[in-house]
Amino acid sequence: MDNILNQIGIENYIFLSILLFCIGVFGVLYRRNAIIVFMSIEIMLNAVNLLFVAFSTYHQDPKGQVFVFFSMTVAAAEVAVGLAILVSVFRNIGSVDISNLKNLKG
Amino acid sequence: MNVSLILLILLLGALATFLSGDKFASKVALFFSLVALGCSSVLVNHFLGGVDINVNNPWILQPHVSFALKADGLSLAMVLLTVSLTPLIILTGFGNHFEKSKNFYALVLFMAFAMTGTFLAADGLLYYIFWELALIPIYFIALIWGNGDADERKKAVVKFFIYTLGGSLFMLIAFAYLYINAGSFLLEDLYKLNLTATEQTWIFFAFFLAYAIKIPIIPFHTWQAKVYQKAPTIGTMLLSGIMLKMGLYSVIRWQLPIAPLAAKMYMPTLIGLSIAGVIYGSIVALRQKDLKKLLAYSSLAHVGLIAAGCYTLTADGLSGAVSQMIAHGFVIVGLFFAAEVIFRRFGTYKIEDLGGIRPQASKFTSMFMILVLASVALPGTFNFVGEFTVLYSLSQVNIWFAIFGGTTIILGAYYMLKMFQNVMLGETNTKVFADVTINETIVFVILIAFLLFYGLYPKPIVDLVNPSITEILKTINR
Amino acid sequence: MITLIAITALGVFCLIAEIFNLRKALVPVTVLGLLGILGSTLNLYSLGELSSDYNTMIFADNYAKTYSSLFILLTVFLVAMSHDVYKEHQTKISDYVAIKVFLLAGAVAMVSFANLSMYFLGIETLSIALYTLAGSSRLDIKSNEAGMKYFLMGSFASGFILFGICLIYGTFGTFDLKEISEFSGALDKAIWFSIGVSLITIGMLFKIAAVPFHFWAPDVYEGSPSLVTATMSTLAKVVAFAALYKLLAAMNLFPTIQFQNIIVTVSILSMTVGNIMALRQENVKRMLAFSGISHAGFMLMTVLSIANAASNLCYYTYAYALAGMAAFAVIIAVTKNKDNENISHFNGLGRSNPLLAAVLTAALLSMAGIPIFAGFFAKFNLFTQTIQAGYLVVVIAGVINSIISVGYYFKLILAMYTKETQETTQNIPFVYYAVGVISILINLVIGMHPNVITDLLN
Amino acid sequence: MDNSLVLLLLLTPFVGFLFNVFLGKKAGKGISGALGTLAVVVSFAMSVYFFMQLNASGKPIAIKLLDWIQIGNLKVDFGILLDQLSLLWLLFVTGIGSLIHLYSISYMHDDENMHKFFAYLNLFVFFMITLVVGSNLLVMFIGWEGVGLCSYLLIGFWHKNQEYNDAAKKAFIMNRIGDLGFLIGIFILASLFSTLNFVEMKQALSAGNTNTALYSIAALCLFIGATGKSAQLPLYTWLPDAMAGPTPVSALIHAATMVTAGIFMITRMNFLFDVTPEVQNIIAIVGAITALVAASIGLFQNDIKKVLAYSTVSQLGLMFLALGLGAYNVAVFHVITHAFFKACLFLGSGSVIHALHGEQDMRKMGGLRKAMPITFATMLISTLAIAGIFPFAGFWSKDEILMVAFEHNKGLWIMGSIASIMTAFYMFRLMYLTFFRDFRGTEEQKHHLHESPSLITWPLIILAALATFGGLINLPGSNWLNHFLEPILARKHEEHALGSQEYMLMGIALTGAIIGIGWAYSKYIKEGFVPKQDSEIVGFSKTIYHKYYVDEFYMSLILKPLNALSNFFRTTLEPALGNIVYGLGTVANGLGNQGKKVQTGSIGLYLFAFVIGVLALVSYLFLGQ
């Protein structure tokens, strides 16, 4: 493990994560379908998870990996709540397009 | 026995009035205000006898704020002004019917409480708190019990509130700055501060903004006329009789001694501005069509002169300003009451609808006339003593100040007599004007007696005030 | 620590109570339980017990205790009002109450964390609970929309926070706050660390609704059920701020000039945008949302003198939260059966219900910073401290904003006292009076004796 | 003893005032008038008593009643100074005052507010006494303003008529313009001397003569005060309008007493004016011009009281001429004789007006000689006196003024002489139009023509007698008045030996007067000329008839711009200033409205803003490094 990191360099992991994170961000910004937005957020979180694992290896420290479990749990809970809200939105307005949600403004 | 007793009485009075129910509210309020007056007189006696009546208790440790009340001659004079006008003002309300009068009179007493506190506070933050507290009751008094169109009234009152609050917030910053430098809000500690001229200038103008709006000095006066017009007359009396003296008092007590270098530097400008207010107020008053607005502008002119006296930084100017503050307090309350007496009978403040009252009400005419004459500072009234002293002090600074300031005696006579002529004289009015009632007479007579007595024998007031003014001047010239 | 465990236990109890059909007793018992926890938390002061360290996850210092007390107090009020608010949803009341209690657990975790993972868990517990609550009015489109917006943006922000935590971890290899604090005290820090802190800060700026991360707040506040809005506006905002302050204080990042400039800019922007936007709002909740944005700007001033502003911030949060709670108690009471929360519903309240009107007036005066209410000292201390730190510009902006803010606070007061009501008076349950009056009384007491609060921290 | 008697002298009229104000209505007209008169008579008696005492002892009486104002080291008290000057003034103020009070009992008998009339008159006497006996400038100023107030009250006595009220207001305000000058003068003197007491100032001035420039300014300011009160150019226009008041008021206040206050004050302050010759020159010139201008306006007036009013202004101008030339005693002499004959003239005209039920236009009079013989006789005597016919009082005093003028400046003498000729002309014009030829009024008036009751005629007779013999107090040769006034004058007045030059001047003056009379006789008796209606007057005489349009001039130069300015301030500037404050609010509200458009409700936008915020923040923080 140590080797791999040394060979590739921690910076590259960071850049990869940032890249993934940015893809997620763009997904959130660009897409209007709520489900896809959820997925994009998941990509953001998972990008971070990846980085956690990389850092964990880099520092030879298990806490980072433990944190990933926390983070995954939390993400799961979040998505559960999010989907629940989405369902009730869908029931009420019959669409999952977030650009329809413009009643509250001004 | 110390001065906090007055505050306590007024606060308790407000509470008792609130609890007493609408029927007895006015009487309870009157009772408490009279008790406060009695208490103040006793305290003044103690003070003159050399008894220590000051209070200084620690209040907040962080920031270091004390519940410090200091009663010197100047403060006591202003307190006396407040507590002697309050019962009169309450008495004037006996002829009116106020809805929810318990709230109304409780607010009046509460306002008296806050104003008394302002005059007594010797700790910057305490002073500021009282200063702001005084604003809230008058806001509600004007808003709820005011007259005229509700929307316009609202606009005027809210403007007044925001405007004055805005000004005071800058004063608050100044206090914050002073606190950082002095580590205390106590007046004596602030007096001891050695600030650079630049710092003083900033602080001076932060204070000035607060006071210029409150007093008001042009061009910060735009809230005044409308609010005076729209507020119920009791509110107008409180505002013009006492509250605007808070600003003038504060100039003497806080602004000048804390930032004396700046005061000296900007003295001519400030006097000029104040005197411009005198002339401007007088000229605007000339063509007013509303009685209360006219009186408001007359008040603008008079306080301009007082402010000019304050900014001369001379013993004469300050002492004259204080005399004039007291005199103006009494006379303007009387004049507004006269307006109210007319309003009770004719239901209007419009000058063009009035006239021809004199043949129907000779008692009222005489008393109104005396008040008008006092307001134009006829010798023999207390106003003359004040105005003469102020003008004299101005002439010591620069004779032109006295000449331009002195135009008030011409213009003042012009608009006041014109108003009197249009309101009172002329062919008998077709509407019936009943002469003053007993209650109304009592108020007028007390006011007039006061003005005439101290006009001929101002010594007690001057002797009370002068030592503290000397002290303050020492601080200014430190 | 006992606080956190007790709160969680209480939350579990709420859920169980539903199973055993103890709905009637639910609210009283929860309130009593919370009061008991409050007592024990306060008791910790007298014991002088500083820390109970669970593998350095939790560090219950005075900071944590003081804020925890406030949170518990606020939750007591919220739970107390729940009973009446959810009267028509009897079957779900335990869920709602339980979520609030769990939310409190998250809040307590956010101020007593000693480890970034605890912090993350706290913030997520709080957020997820709030998402749920925001969307809790299932059939109401506005509530759905609010929940959706809050959820999307909230989890988006969570991503940034997580990234920030990750970068900090990557720099120092630890989540422990104490260690991070020590490491970050060193002169040369990796840029990743700074970026990490910035990202966390951004996430928290989102939570406190500071400009330009504030857009969600008005919409979500307006759409959510009023009680939830009350939670967000009082509890959630204060929690986020306490956590942000604690983090930044630990991170030793502050001395850089750029960072200060950012804070100054965000602070001034938040105050100004919040106040100016609030001026033209007709919906009271929306107005208070913008007012909350401007208060966030004020509170950000404490960050400028982070070394010694803890007590000022704490005082400000107490003042703000209590005034907000009182205001919301009145708002909930008045707009209970109405479609919206327009100002017009408050017309003539001064006549029809003087007590509620007085409470609301007092609350607004406190928010506007009029003495003797706590809001005055809060602002004053803030100003003093900030001038001392040398940021006169911010203070002047603050003053100007205070002036503007009076404009809209007084709009509501004017409506209460000068407009005629068209609506018939309704019976208002005692609990709203109680919550409003008690909050305002506490506000007044700490306004007259600020040291009650500031001493708690020292 | 003296103290209480002085107080008696001072306060009796005030007591009379209080009585009439509070009880006058209940007491009824008779008692009200009688007590009002009695109050003044008591003061007169006291004045006589003190006058005797002073004559015997030669020592002035100075009393300090109580402290009043203390400003720094300037202490002002209520002090009373009874010296030659004040006693002289007191004598004729209270003396003529008593007569006029007496006269008013009958004259005002039909007025429902008679008690008020007496109250005001008493108050006036009180203030006039205060003015005269004050031992310092500020006490004098109390009286000075007080008499102005009473003048205001009495001019506007018939307050239902707004024109009268306008006149009253005008009088007060014109006076106040002067008062400002007076005050400024007081300020300068106070800062120079640290005292306002006359005796102390005099001593201080004689001790050191350092700052002449300031003295001059102070003297000039005091003179401005005097021009207001004594109706000199440019502030004289209020006096003719003041004739709106009841005729006894015109007699007492606007002829005999109050308007001479300026002369009194300057005489009081003679020590100051003596060291400021340039101010004296101004006074003399102003006085001469006033005399001339007012006399010329008098030529064309048709209102009987207006003629008298302009004649008063003109005579006051002559007095100022004398003051300006340093001949204070001469001015005082003329004040006294003028008080006698002018009071008589006014009261006489009042008697005429009374008989004609309020008619004041001379074009509607005529032929009253037979119906009102006593009035006619007394008025004729007074007219002869004012015209300067030997041996009536006016001859002596006016002649002295002209003599002094001749000595100093021939130009001034010519102006004074022309004014005198004009005076003789218009006064006899008045007499001819009023008393000679045929009655030109209505038939009904003609029926009711009658001589006035004795309460009116007796004062007339007494005054006429005084107008005849008043000259005795300062006949050339005996010069009693000059000697009497010597102690109060700083500079000694040189005696006129009656030489040929003096006799020649007397002759010229007398001739001039006779020319004036003859001119009037030929025009109004021989030709029977009656002045034209207002609309028919054209040319230069129209200008003069309209008083050179001075009122209109003031109106358009000062009053109208002032009012326009006021209107501008009220309607434009005030709202504009207010709108600046409102404007800030409007701007904030407008921004709020714009801001609402940004808050579109779109999550996409919100997220976009979020990301932009992040980018901005991060790039600011880290890209620079």
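The backbone N, Cα and C atoms fix where each Cβ goes, and this holds for glycine too.
Per TrEMBL, the features are as follows:
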type	residues	note
DOMAIN	D:68-118	domain 'NADH-Ubiquinone oxidoreductase (complex I) chain 5 N-terminal'
DOMAIN	D:135-423	domain 'NADH:quinone oxidoreductase/Mrp antiporter transmembrane'
TRANSMEM	D:6-23	transmembrane segment
TRANSMEM	D:87-105	transmembrane segment
TRANSMEM	D:117-135	transmembrane segment
TRANSMEM	D:180-199	transmembrane segment
TRANSMEM	D:214-239	transmembrane segment
TRANSMEM	D:251-273	transmembrane segment
TRANSMEM	D:279-300	transmembrane segment
TRANSMEM	D:307-325	transmembrane segment
TRANSMEM	D:374-393	transmembrane segment
TRANSMEM	D:413-435	transmembrane segment
TRANSMEM	D:455-475	transmembrane segment
TRANSMEM	D:503-522	transmembrane segment
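For the domain 'NADH-Ubiquinone oxidoreductase (complex I) chain 5 N-terminal' (D:68-118), the DSSP counts in helix, strand and coil order read 29 helix, 13 strand, 9 coil. Panel annotation: around the transmembrane segment (D:374-393), residues 311, 315, 337-338, 340-342, 344-345, 348-349, 351-352, 355, 368, 399, 420, 423-424, 427-428, 430-431, 435, 451-452, 457, 460-461, 463-464, 466-471, 506, 509-510, 512-514, 516-517 of the same chain, lying at least six beyond its termini, place a Cβ under 8 Å from a Cβ of the stretch. Same-chain neighbours of the transmembrane segment (D:87-105): 9, 30, 33-34, 36-37, 40-41, 43-44, 47-48, 50-51, 54, 117-118, 121, 125, 128-129, 132-133, 246, 248, 251-252, 256-257, 260, 264, 332, 336, 339-340, 343, 347, 350, 455-456, 458-460, 462-463, 481, 484-485, counting only residues six or more beyond its ends whose CB sits under 8 Å from a CB of the stretch. D:6-23 is the stretch from D:6-23, D:279-300, D:307-325, D:455-475, D:503-522 with the greatest number of Cβ pairs below 8 Å to the transmembrane segment (D:117-135).
Between the transmembrane segment (D:214-239) and the transmembrane segment (D:503-522), the number of CB pairs under 8 angstroms, six or more residues apart, is fewer than three, so the stretches are not in contact. Long-range contacts of the transmembrane segment (D:503-522) within the same chain: residues 387-390, 395, 398-399, 402-403, 406, 417, 420-426, 428-429, 432, each at least 6 residues beyond the stretch ends and with a Cβ under 8 Å from a Cβ of the stretch. Taking every recorded stretch in D:6-23, D:251-273, D:279-300, D:307-325 and counting its Cβ pairs under 8 Å to the transmembrane segment (D:413-435), the highest total belongs to D:279-300.
At the 8 Å Cβ threshold, with sequence separation of at least 6, the transmembrane segment (D:279-300) lacks contact with the transmembrane segment (D:180-199), having fewer than 3 such pairs. Mean pLDDT of the predicted structure over the domain 'NADH-Ubiquinone oxidoreductase (complex I) chain 5 N-terminal' (D:68-118): 85. Remote same-chain residues near the transmembrane segment (D:180-199) are listed as 62, 71, 73-76, 79, 81, 135-138, 141, 144, 205, 211, 214-215, 217-228, 268-269, 272 (criterion: CB distance under 8 Å, separation of at least six residues from the stretch ends).
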